[in-house]
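Below you'll find the structure I mean.
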């Protein structure tokens, strides 16, 4: 009896873990403890005002509207980002551990792709007005291969805090031992050190 109960509890726990997303809330919204007055301003994000009137940045840039930037999203299971791709730039391979990503091209064109858990690569060339979904937790990227025109995309996430784990930075800029990386990538330590140097934060 005890064994069956334990197995049942473990099964339910497993199901809860594999289906977990942002936790449900039991109020209409969640307000910060230090906020005494709630009005329309709390539910308004203004950091993108004038965004489409400004010039493209020199490098790839993400402007996020997640829970950190927009506290009203806490408990709402949604967030947003605007991605700017000057000519020839990329959004390097990365994952979002807590959400799928729905990307919408609003200017230019993009080469995109993701790799599933069988190591199959799915790619597409997106034109203005196209949308593409990157499944939750899978490695994916975007690239503006156009030699003349920049691109812009808007991404929606099913989490107020989707998280971003950059593959190059996580692997080569977090202090993993050079010998371990050399063995994992079947190369030499000198090559690993060169890759690390290229990703080092410039002073």
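Cβ coordinates come from backbone N, Cα and C, glycine included.
Any TrEMBL annotation is an automated prediction that lacks curation.
The annotation signal peptide is assigned in TrEMBL to 1-20. Taken from TrEMBL, the feature domain 'Cupin type-1' covers 49-193. Marked as oxalate binding site by TrEMBL: 91, 96, 101. Annotation source TrEMBL lists Mn(2+) binding site at 94, 96, 101, 140.
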Return the single residue from the binding-site residues list (94, 140) that has the minimum number of other CB atoms within 10 Å.
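With the binding-site residues 94, 140, fewest surrounding Cβ atoms within 10 Å: 94.
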Starting from the oxalate site formed by 91, 96, 101, give every other residue of that chain whose CB sits within 8 Å of the mean position of their CB atoms, in sequence order.
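Near the oxalate site, the remaining chain residues are 81, 94, 95, 103, 134, 140, 142, 155, 157, 162, 164.
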DSSP-wise, what's the residue breakdown of the domain 'Cupin type-1' (49-193) into helix, strand and coil?
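Going by DSSP assignments, the domain 'Cupin type-1' (49-193) contains 24 helix, 55 strand, 66 coil.
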Can you tell me the CA-to-CA distance separating residue 96 (oxalate binding site) and residue 140 (Mn(2+) binding site), as a whole number of Å?
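Each residue's Cα considered, residue 96 (oxalate binding site) and residue 140 (Mn(2+) binding site) end up 9 Å apart.
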What's the CA to CA span in angstrom from residue 101 (oxalate binding site) over to residue 140 (Mn(2+) binding site)?
10
How many other Cβ atoms sit within 10 Å of the Cβ of residue 91 (oxalate binding site)?
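Result for residue 91 (oxalate binding site): 23 other Cβ atoms within 10 Å.
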Using the centroid of the Cβ atoms of 94, 96, 101, 140 as reference, list every other same-chain residue with Cβ within 8 Å of it (recorded Mn(2+) site), in sequence order.
95, 114, 134, 138, 139, 162, 164
